[in-house]
Structures are given as structure tokens and as C-alpha cells.
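All remarks here apply to the structure that follows.
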Amino acid sequence: MNSQDLQNLQLIQIALERIRNVERPLSVSSVSPFINNSTILSSCGVLCLNPTQESINQEGNTQREKAMDVNMLQRTYSDLLTSLFREGILNQQFTELQQLQDENNPGFVYEVVSLFFEDAGRLINELISNFNQQAVDYKKIDAYVHQLKGSSASIGAEKIRSVCQTFREYYDKNDIQGCYNCIQPLNQEFVTFKSKLEALFTLEQQIVAAGGSIPMMRH
Amino acid sequence: MASSQLVKVLIVDDDNFTRRIYKTMLFRFCFEITEVEDGKNAIQQFVDGNEYDLVLMDKHMPNMDGVEATRTLRGMGIPVKIVAITDDASSKDTFMDAGADKFLLKPLTFSMLTDILKSFNFLN
């Protein structure tokens, strides 16, 4: 073995030491101070990745992971929205609202549904409170339910609208017990509607934050 | 037509939620929009000298309902197009007798609104 061979051997030993001490494959940049012969490098098992290629691959992996996250979120969103229509919680009117949302009104659906949460929550509290009075003002209660029926119809909250309709049918027949029996289901439908729509909006925010677009459903 | 080429619309509904939806629909056409909460305020708009091309009129409102507001406007000789929009299907004849031009059942959809605007030639 001549002196050059000895020197090369020493360099290889240093390179191998570096390889053992790191988890990832070494790039040329990290061993080139010691060895600049690609034949020797490859014989040491060092992956001959140039820095640019290495960072491109890392970037590609990150982008693929991001795309998978967005796809998963979009699928979850679509599944949730489909289930809301299938269960009768939403109707076609909700799709109408989604179609009104555009670059001039980017948060339109969120805004109107949030308004509905506020209005409907207040109306239902008034209903419950009125029914608990000694002297129940049924005309006032009917007015509240009428308003709730209108707003729920406007946003496609089908189950809420339907319970309001049932209430008004009892009211028209002067069936007070029937009216009273509608209040608890009405509250329950509102609570369900609110929690599901809040979950839907959370998913929307996550999709947008991950760089994706909101899937549009056709019903 | 009101003085200027811009179509002027008056939304008359006591539900701010409904008014928000109508406004968003109408903004698509770049119309000028005013909103009031009841029939009495709708009448006041015209008394104050404001001109409109179209009124979207709800029925059940406090102070003055939509039928009475429609009748009053016609009695004042106001020729504005009035579209009654309500969930009370039984009020159609009453509204039309009061002088409404069209009657629609809630909820109003974008395509319903577009059809109405086309029928009045507001989309030229």
C-alpha cells in the first residue's frame, strides 16, 4: 500500500465515521471536504446526492404530505356535508347559499349561519322562557316560531323548519299540548344543527389553511 | 325607471337575516339597495322623496304589514314594481288585490330572483 492509498484509507475511515454518526444518508456536501472521488464515495455507501437534489426530494415529500392532508380534509368535509343532506338536517336551500359565496363574499355562508345561530338561539330561549311563565302568551310564542321557521327555511335548516311547521299546525288547531311538545324537539334539532355546522366550518378553515379549496356539493 | 341607470331596490322585511341574503343576491347585479324593517318605514322612504325601481315586500311585519304597505303605496300613486315574498301562500290573492305585481313563496332562491328581474327587464 503506497502513501496515497494510506491517505485515501484514512479519509474513508473518517467518512464512515460520519456515516455511522448520522441517521440520514450523507450528501456529497458533508463528505466532500474529505473525499471528492465519487468512486470512493459510492464504495463507502455514501449516497451521492447533490445538495440541490436532496432538498428537492425533501420538498417533494413535504408537498406530497400536504396534498394528502388536504385530500383527507376535503374527503372528510364532503362526507360530513353529504351526511347532513342525507339525514335531512340540510336541504337544497343551503346549496343555494353556498352558490352565493364568491370572491366578493368569501365568508357569506359562515356569516349568515352565524347570524342564524344567534337569532335562533335567542328565539328558542324566549320560547322556553315564555312557556315556563304562569300566563303563557301564545300569540307571542307563535310569532317567535313564525320567525324561526322563516329564517331556518332561508338557510336550509330543514329539520328545524319542519318542527316549526308542526308547531304552527298545532297552534292553528288550538292544540296547546301539541305546541308545548314541539319545544324540546325544536331545541334538540337546533343544538344538533349548530354542532354539525360548527364542525363543518372548522373543516373548511383547516382545508383553507392547508392550501386547499372547499369541495362544492351538488344535490 | 328611477332617475339614473342604476336599479334601485327597497327590501322590506323584519328579519335581518332574510335581508342579508337578499342583499347578497342583489349585489351580484350591482344594484343599489336600501332595506327597512316594516311597511311603515317603507312608506316613509317614498314620502321622503326616494325613488325605487323594485320593492321586495314581506307580509308579516310589525307596525304595518306588507299587504297594507302595498295598498298604501298604490293609493299614493307610486308605480314601483312590488314583489311580495312570503311563506304565507294563502295571502297571494290579498297581495295581488292590494296591487302587488308578483307573488313568490319563501325561501327566495337566486334563480327565482333572476327570473323576476328578467321579467321586469332589469337585467338589460
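Indices start at 1 and increase along the chain as displayed.
Placement of Cβ uses the backbone N, Cα and C atoms for every residue, glycine included.
TrEMBL does not curate its annotations; it predicts them automatically.
Annotated in TrEMBL:
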DOMAIN    B:8-121  domain 'Response regulatory'
MOD_RES   B:Asp58  4-aspartylphosphate
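Taking H, G and I as helix, E and B as strand and the rest as coil, DSSP gives the domain 'Response regulatory' (B:8-121) the counts 51 helix, 24 strand, 39 coil.
A sphere of 10 angstroms centred on the C-beta of B:Asp58 (4-aspartylphosphate) encloses 27 other C-beta atoms. Averaged across the domain 'Response regulatory' (B:8-121), the predicted model reaches a pLDDT of 95.
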